[in-house]
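Below: the structure, in structure tokens.
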């Protein structure tokens with residue numbers, strides 16, 4: 001019997017696991033897209049053979065839209081559940097409804113026959129002091145309510161951190177930095193799994209209800225992406241292709257922003273601008289469909305809550321004036337400074353948490369921060385209320401029926417037409433509100449630094465907007481009083497006469513919110529669209545754009561990274577930012593491995609190595625793949641094979657193919673090499689070989705190499721000289737090189 005009769009290609013049928021990736025590794029976008037094209041061509045060609053094949057082809061094409069529908073329905077339903085539960089549990093800290101303990105304060109008072117001004121004081125709602133001691137007035141009642149508020153806050157936050165620590169560690173934080181990294185092609189197994197979804201949904205309600213300075217908007221993106229990832233397993237096209245799955249996750253991220261803010265268009269733009277790595281045109285339309293379905297599902301579940309399609313609806317009665325662009329730009333400067341300050345302070349605190357004993361006690365950290373937050377929050381009504389309520393009140397334009405302290409002006413209704421109120425002198429209530437808001441601003445500026453990044457779900461959108469809205473309202477009231485008392489000044493005389501409604505403080509709050517959110521996240525177009533959809537104020541696009549762009553320029557002048565990119569770098573994820581330019585004059589040979597004085601490059605020959613030789617290479621190295629060459633002498637490149645595919649293929653061959661032993665030759669060619677008749681069976685592994693690995697020459701500028709890695713989503717690139725293999729450049733090598741040139745620690749890149 002000769003060697004030829006013993007040849008087998010046992011990989012004619014795909015093996016489970018071949019073509020998949022290990023945890024904390026980067027996918028090969030080129031290979032994944034190529035596999036999907038081959039699959040699509042095969043389905044298209046078969047569709048002409050039979051009716052059943054044609055139906056299969058149509059269902060394959062329609063499966064993407066069906067998946068978007070399911071994602072929108074599930075994400076919207078979970079968001080509605082979270083929203084209703086969080087409202088109820090937030091109000092539970094202050095009292096309970098006798099008509100039904102499951103009603104929050106607002107719903108409890110719907111059926112009461114009370115006046116409009118006393119709409120929050122219905123007899124069905126009892127504070128804890130009224131329930132326990134029979135009355136709600138006096139020092140003892142205040143202390144009792146204070147105590148119950150703190151106890152409930154601690155209970156909610158401790159339950160949240162214990163659930164995260166015990167069942168799903170990936171459920172903590174915002175999730176957006178990891179989502180961005182996953183969408184760039186990185187594998188984090190379990191991050192979008194069912195346990196993470198369940199625990200994140202439960203603990204998000206608890207964390208928001210505890211009164212911590214965090215929001216549910218960022219985590220809702222994580223929740224929606226979990227929904228997308230889980231539902232992908234229902235469709236073979238998405239289950240078996242990592243690149244196709246990331247298209248779905250991009251759409252799921254858009255649905256997450258849509259249910260967070262009620263902003264379908266802004267959600268799609270956010271996914272395109274901030275999160276997604278690969279975003280083809282069909283994904284754009286599918287993302288919009290998923291976002292719309294999610295938003296309408298949420299509205300159907302919770303039509304009366306704060307998560308209507310317009311979250312903070314505003315109805316300002318007066319247009320803004322061109323001269324007001326000056327204070328709007330000042331708010332943009334404030335937002336940029338706040339964003340840069342927050343990012344630096346938060347990253348420093350998170351780094352300290354990771355490198356000291358503090359990180360070993362996440363439960364204690366949550367307990368301390370919650371206790372401080374609750375103790376400081378209760379005495380001030382603007383920090384005691386939920387952050388969404390606070391923003392809504394700050395955006396509000398005072399009308400005749402408003403009973404808020406922010407609207408307690410000296411009344412003068414002689415010149416009132418409808419709801420249009422003239423600029424008036426501030427009353428005692430307004431001055432009290434200004435002091436309380438100033439204290440609330442100081443508290444939120446500092447407490448948010450320590451809250452974001454704790455081991456509970458924590459979003460940053462709403463806290464950032466709250467900081468900006470407070471600053472904007474303070475400035476807006478100041479401008480309003482300045483115009484009232486000094487309407488004859490040059491800056492006011494042309495457009496603001498005495499008794500006119502000139503300044504709208506709520507508009508300043510809205511612009512300030514956009515400025516601070518832009519300063520932290522560095523969003524631009526998507527931010528303006530989200531703010532428009534949030535408020536319904538189309539005529540205020542220009543002030544929002546001015547503030548958003550100013551805040552981005554100011555923040556970029558201090559530090560180039562937004563909060564999510566900063567956390568990606570802090571965690572060492574291999575994320576190659578597409579927005580940054582590489583301007584250094586280095587060559588591929590300066591970055592490739594092996595370097596000078598390093599051992600030679602580890603390679604596998606195409607037809608002269610045994611199973612034992614290959615297994616020894618696998619055991620002695622930790623590389624994710626190996627170049628295959630003609631021979632060690634020629635070093636002429638044949639292809640590239642992944643470590644995981646090699647391990648799985650050899651293990652299966654030993655089990656299922658007769659005659660495969662340690663001395664069996666592995667070959668990657670179409671034809672087997674000539675061997676003596678007595679030799680053992682050979683193992684053909686050509687089917688797992690990538691015959692078209694991406695290569696560059698050693699003189700290729702790194703500027704081009706970096707661009708290739710970004711645009712093609714490569715995980716590695718081989719370096720040649722006159723056709724001879726010299727070395728390899730991985731995505732991690734590129735990131736380390738960029739970090740080194742930026743005077744950062746190259747060893748901070750932890751994963752492949």
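Using N, Cα and C of the backbone, Cβ positions are placed for all residues, glycine too.
Annotation source TrEMBL lists transmembrane segment at 62-82, 139-161, 195-214, 220-236, 248-272, 322-341, 361-378, 433-454, 460-479. Positions annotated as domain 'CBS' by TrEMBL: 592-656, 682-748.
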Legend entry - the transmembrane segment (139-161) vs the transmembrane segment (62-82): 3 or more CB pairs under 8 Å: no
Legend entry - Stretch contact, the transmembrane segment (460-479) with the transmembrane segment (322-341), Cβ-Cβ under 8 Å, 3+ pairs: yes
Inset, instruction - Answer yes if the transmembrane segment (248-272) and the transmembrane segment (322-341) have at least three CB pairs under 8 Å among residue pairs 6 or more apart in sequence, and no otherwise. - result: no
Inset, instruction - Could you pull the average pLDDT for the domain 'CBS' (682-748)? - result: 90
Legend entry - Same-chain residue ranges lying at least 6 outside the transmembrane segment (433-454) that approach it to Cβ under 8 Å: 161, 172-174, 212-214, 338, 342, 345-346, 349-350, 353, 362, 365-366, 369, 372-373, 376-377, 380-383, 390, 404-406, 408, 426, 460, 463-464, 466-467, 470-471, 473-474, 477, 563, 567
Legend entry - Distal contacts, the transmembrane segment (195-214) - CB-CB under 8 A, six or more residues away: 78, 81-82, 85-86, 89-90, 92-93, 149, 152-154, 156-157, 159-161, 163-164, 167-168, 170-171, 175, 220, 222-223, 226-227, 230, 369-370, 373-374, 377, 384, 386-387, 444, 447-448, 451-452, 454, 456-460, 462-463
Inset, instruction - Using DSSP, break the domain 'CBS' (592-656) down into helix, strand and coil residues and give each count. - result: 24 helix, 17 strand, 24 coil
Inset, instruction - Go ahead and report the DSSP secondary structure tallies for the domain 'CBS' (682-748): helix first, then strand, then coil. - result: 28 helix, 20 strand, 19 coil
